[in-house]
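Trainee: Before we start, here is the structure in question, set down as structure tokens.
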Amino acid sequence: MEARPGAGGAEAGEVPLLLAELKPGRPHQFDWKSSCETWSVAFSPDGSWFAWSQGHCIVKLIPWPLEEQFIPRGFEPKSRSSKTDPKGRGSPKEKTLDCGQIVWGLAFSPWPSPPSRKLWARVCPQALDFSCLILATGLNDGQIKIWEVQTGRLLLNLSGHQDVVRDLSFTPSGNLILVSASRDKTLRIWDLNKDGKQIQVLSGHLQWVYCCSISPDCSMLCSAAGEKSVLLWSMRSYTLIRKLEGHQSSVVSCDFSPDSALLVTASYDTSVIMWDPYTGEKLRTLQHVLDSQLDYTRDVHASSLRSVRFSPEGLYLATVADDRLLRIWALELKTPVAFAPMTNGLCCTFFPHGGIIATGTRDGHVQFWTAPRVLSSLKHLCRKALRSFLTTYQVLALPIPKKMKEFLTYRTF
């Protein structure tokens, strides 16, 4: 693995700077013109590990931060030593996971382990101990492999999908419910507390399912397939809530805001749509090219979207498109606040404490970029806190002024 250093630090409105670029080695036994894509990258929720599907069946687990010469001060995780190494075995070491199949999806479990897991261990002593941080990998043959991050040990192999497992998502609450999205046109729900038991199959898509995202309040699941609409499911009853229609081509990526009040979807039609998931209302469209340049008769456009993600404080979005640009958008503006040139981008994710965006490319590289580091206003912090437990309908029912309701429901754009 090679690393290329860059500059450091970024404030809101500045051009993202390349902090570092990781490149896989080049073993001679592989044909490096195929299967080298980095389809997925992920930070652990506590910011102590970075997972990189570097192509050719290999996942790299890298302790964060990277070496000091690559990552500037201020981008370190919080309390890594106490969480990733509870038994005092020294600094975490980089791990190489050989998954045996092309890796498409990655997902870390949340910290910390909940009391319910300990209760289940008492009821069923033979169950696996998942008190550690784990990583789920979705594979080309439909299998899902579950790994212990600290040791790199394989814990479980989940079988059920009939085709590529394209995306994975854990419930943020820490109850170890895992959702998988597959080219077999289904989503499957797994309970890792019960040895990976499959508890539900969600059917409804007519095309490959590209992406799945669980709302931070664990109430909703959004799934995007090769269709012009996305499906919104209840995570309580595992039933369909509604279909969101508005795109002109296949939707390939989706993400919820940190307070669960907003949902964004990205499509090959070169647009990102911001929705109210509770009402199904379309709040805003972020165009990556002018309408006059669009040709909806073509499935794939030169500016087709590949990935969209919310920043951890919920004030920014990052998008990766086929026009070789990483864009950063402020929540309340219709045009990007920053651009960065990147070639063959496929995916992106924010560092959980802000300030960094990681992107993966078709040639197996990972790039780390500076992202806006801002102090959230008191207004936004209050809105975020309230919307974490109030639905749009509950806000609208409050005896408060109309302008306050509009602000709390993101209708002031």
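Here the Cβ of each residue, glycine as well, is placed from N, Cα and C on the backbone.
According to TrEMBL, the record shows the following:
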type	residues	note
DOMAIN	377-413	domain 'SOCS box'
REGION	75-95	region 'Disordered'
REPEAT	135-157	repeat 'WD'
REPEAT	158-193	repeat 'WD'
REPEAT	202-243	repeat 'WD'
REPEAT	244-285	repeat 'WD'
REPEAT	298-332	repeat 'WD'
Trainee: I need to check the long-range neighbours of the repeat 'WD' (298-332): which residues 6 or more away from its ends have a CB within less than 8 Å of a CB in the stretch?
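Mentor: Those are 12, 16, 249-250, 252-259, 262, 264-272, 286, 288-289, 338-354, 357, 359, 369, 371-372, 374, 376, 380, 384, 412-413, in sequence order.
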Trainee: Quick one: DSSP breakdown of the repeat 'WD' (135-157) into helix, strand and coil?
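Mentor: So the counts come to 0 helix, 15 strand, 8 coil.
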Trainee: Short question: which residues 6 or more past the ends of the repeat 'WD' (135-157) have a Cβ under 8 Å from it?
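Mentor: The answer is 42, 44, 49, 51, 53, 59, 61, 84-85, 92, 95-97, 99-109, 128, 163-168, 170, 178, 180, 182, 184, 190, 192, 195-196.
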Trainee: So if I exclude everything within five residues of the ends of the repeat 'WD' (244-285), which remaining residues of that chain have a CB under 8 angstroms from its CBs? That is, six or more out.
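Mentor: Beyond its ends, the repeat 'WD' (244-285) has Cβ neighbours at 207, 210-217, 219-220, 222-232, 294, 296, 299-301, 303-310, 312-314, 317, 319, 321, 329, 334, 383-385, 387-388, 391-393, 409-411, 413.
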Trainee: As a quick check of your reading of DSSP, tell me how many residues in the repeat 'WD' (298-332) are helical, how many are strand and how many are coil.
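Mentor: Counting residues per DSSP class in the repeat 'WD' (298-332), I get 0 helix, 18 strand, 17 coil.
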